[in-house]
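Asker: Structure provided below as structure tokens; questions to follow.
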Amino acid sequence: MRLGYSVETVRAAEGELMARLPEGALMQRAAAGLAAAAAGLLGRVYGARVVLLVGSGDNGGDALYAGARLVRRGAGVSAVLITPGRAHTAGLAALLRAGGRVADDPYEVLAAADLVLDGITGIGGHGGLRPDAVPLARAAHGSGAVVLAVDLPSGVEADTGEVGGEAVRADATVTFGAYKTGLLIDPAREYAGAVRLVDIGLGPHLPSVPELEALQHADVAHLLPVPAAESDKYRRGVVGVVAGSARYPGAAVLAVAGALRGGAGAVRYVGPGSDAVIARFPEALVHGWPPSKAGRVQAWVVGPGLGDSPGVDEVLDSDVPVLVDADGLRGLDPAVVRARSAPTLLTPHAGEAAALLGVAREEVEGTRLASVRALAAKYGATVLLKGSTTLVADPDPRRAVRVNPTGTSWLATAGSGDVLSGLTGSLLAAGLAPLDAGSVGAYLHGLAARLVSRDAPVSAHDVATALPQAWRDTTTP
Ligand SMILES: NC(=O)C1=CN([C@@H]2O[C@H](COP(=O)(O)OP(=O)(O)OC[C@H]3O[C@@H](n4cnc5c(N)ncnc54)[C@H](OP(=O)(O)O)[C@@H]3O)[C@@H](O)[C@H]2O)[C@@H](O)CC1
Ligand SMILES: Nc1ncnc2c1ncn2[C@@H]1O[C@H](COP(=O)(O)OP(=O)(O)O)[C@@H](O)[C@H]1O
Ligand SMILES: [K+]
């Protein structure tokens, strides 16, 4: 599991650790890791031209000490002080002692740089870059040099992944001690580039429950349902799908396609898309209306392509877990969801989430973590917020939010969400708790898309077909 922590948590852990170490030791560890990463990016340090963007806090101190190390390995290092007179005193002295210098003309050194270390702000920064730093960040981006962010790209919000104004666009980020939550969530994640964690000994001082967690292959393999020797189709779980309409019969087919690959022993379909479903998937069990007469079902999926067709109320009335997606989310009453005896999992994209929260779509896209938590609280349900960063929040606010590490922007294709609902509903029917079903579903779906896409366009149907390959990939050591 990859874990993300808030600034408050990181500062508390740093405080504990610092009390046991000699003064400045932690910053030296950070600077050593940073210099090593910089050297790796440069390939050849001797003769390289390095520029440090130095803010007024310890983030700038890290950059200055790392710069001193690079000077000692033969690099030419120039520091650009954002607020002269307020740079980290000991760090600046170390740089000058080693043979580095303060730049006379920031834009001249930036234009000639091979590598820029962004030490303007780290976990102490708020509200985007200040105006004096903005042109420097732009010049770094436009210079052709590799931009390496120190701890975080300056200007992004460490706790939320929000970007309130302008921020540094980095090719890579070296973060110290622990991933900050914002590094794992868009839009900040995109500003960070490739993120590397440098161990500074913080581990034993961090709490066991982080703010954010990302499943890795081994976690998913551990959660996937596997039939036992004595299993039969009912013990493996039966998933019911209420999806599609005369207008969108394809949604029924795609949701069933996902459901057939999610580990349930059988898929029941109820709705206007029966003919299309059975023509494509003879193994699906199709039933007449209403869903309550369809026979045993351990979890329902309702909503994809449903249009105005009925089904949501009937399914929410059941006493088994229900996944509500797409049209099923329209006008969904929090009181109805809260009153249910079994868990509910909502899977909105940003537009649907915005409608449920009564805000603009852009607001949800800019504040994903806060939005997914707000929806989970409002509905007392697990919420999977889809998009460039998929997040899954439990209704219990003490649980870490899951962030999906797989996926590709090629997934932004019509119908791929229908496959995800079927797949995730199937995992629910197989017995996974909603938080696990949502995060495992998103993981496999994103991995399948990557495997089948290999950087070319994919269709939703391709993604469904690649799900067994993603499953195998995850469980193969
Ligand atoms: N603690 C530790 O043990 C370790 C910490 N480490 C490192 O320290 C970093 C945290 O350092 P920090 O706390 O000094 O804050 P930091 O991120 O440098 O920024 C604060 C300064 O920026 C300024 N500023 C604020 N907003 C701004 C804006 N929008 N645009 C421009 N400027 C802005 C603000 O100025 P002021 O408001 O005072 O005018 C203030 O002076 C952390 O990320 C890691 O790199 C590592 O060495 C490992 C050990
Ligand atoms: N920019 C993106 N990057 C990665 N994944 C994305 C992006 N945009 C959408 N997705 C994923 O694609 C799927 C789209 O689902 P959805 O919006 O419900 O589409 P549809 O309703 O057409 O099926 C979701 O799994 C979502 O997370
Ligand atoms: K930084």
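Each Cβ is built from the backbone N, Cα and C atoms, and glycine gets one as well.
What TrEMBL says about a protein is an automatic prediction, not a curated fact.
According to TrEMBL, the record shows the following:
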- 10-208: domain 'YjeF N-terminal' (DOMAIN)
- 58-62, 122-128, D151, A251, G305, H349, D418: (6S)-NADPHX binding site (BINDING)
- N59, D118, S154: K(+) binding site (BINDING)
- 216-474: domain 'YjeF C-terminal' (DOMAIN)
- K386, G387, S388, T389, T390, G417: AMP binding site (BINDING)
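I'd like to know what surrounds each of these features in this structure.
Answerer: According to its DSSP assignment, H349 ((6S)-NADPHX binding site) is coil. Sequence-distant neighbours of H349 ((6S)-NADPHX binding site) (same chain, 6+ apart, CB under 8 A from its CB) are L385, K386, G387, G417.
Around the Cβ of N59 (K(+) binding site), the same chain contributes G119, I120, T121, G122, I123, G124, G125, V150, D151, S154, each under 8 angstroms and 6 or more positions distant in sequence. In the three-state DSSP classification, N59 (K(+) binding site) falls within a helix.
T390 (AMP binding site) is surrounded by 28 other CB atoms, counting those within 10 A of its CB over all protein chains shown.
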Asker: Can you list which of these binding-site residues (D58, D151, S154) have a Cβ closer than 6 Å to ligand 1?
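Answerer: Near the molecule: D58, D151.
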Asker: Please list, in sequence order, the residues in the chain of H126 ((6S)-NADPHX binding site) that are at least six apart in sequence and whose C-beta is under 8 Å away from its C-beta.
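Answerer: The list for H126 ((6S)-NADPHX binding site) reads E157, G164, given in order along the sequence.
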Asker: Where ligand 2 binds, which of the binding-site residues H126, D151, S154, K386, G417 are close by, with Cβ under 6 Å?
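Answerer: With ligand 2 as the reference and 6 Å as the Cβ limit, the list reads K386, G417.
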Asker: Taking the Cβ of each of the binding-site residues and counting other Cβ atoms inside 10 Å, which one has the highest number: D58, D118, D151?
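Answerer: By the 10 Å Cβ neighbour count, D118 comes out on top.
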Asker: Which residues, sitting 6 or more apart from G61 ((6S)-NADPHX binding site) on the same chain, put a CB under 8 Å from its CB?
Answerer: M27, H88, A90, G91, G119
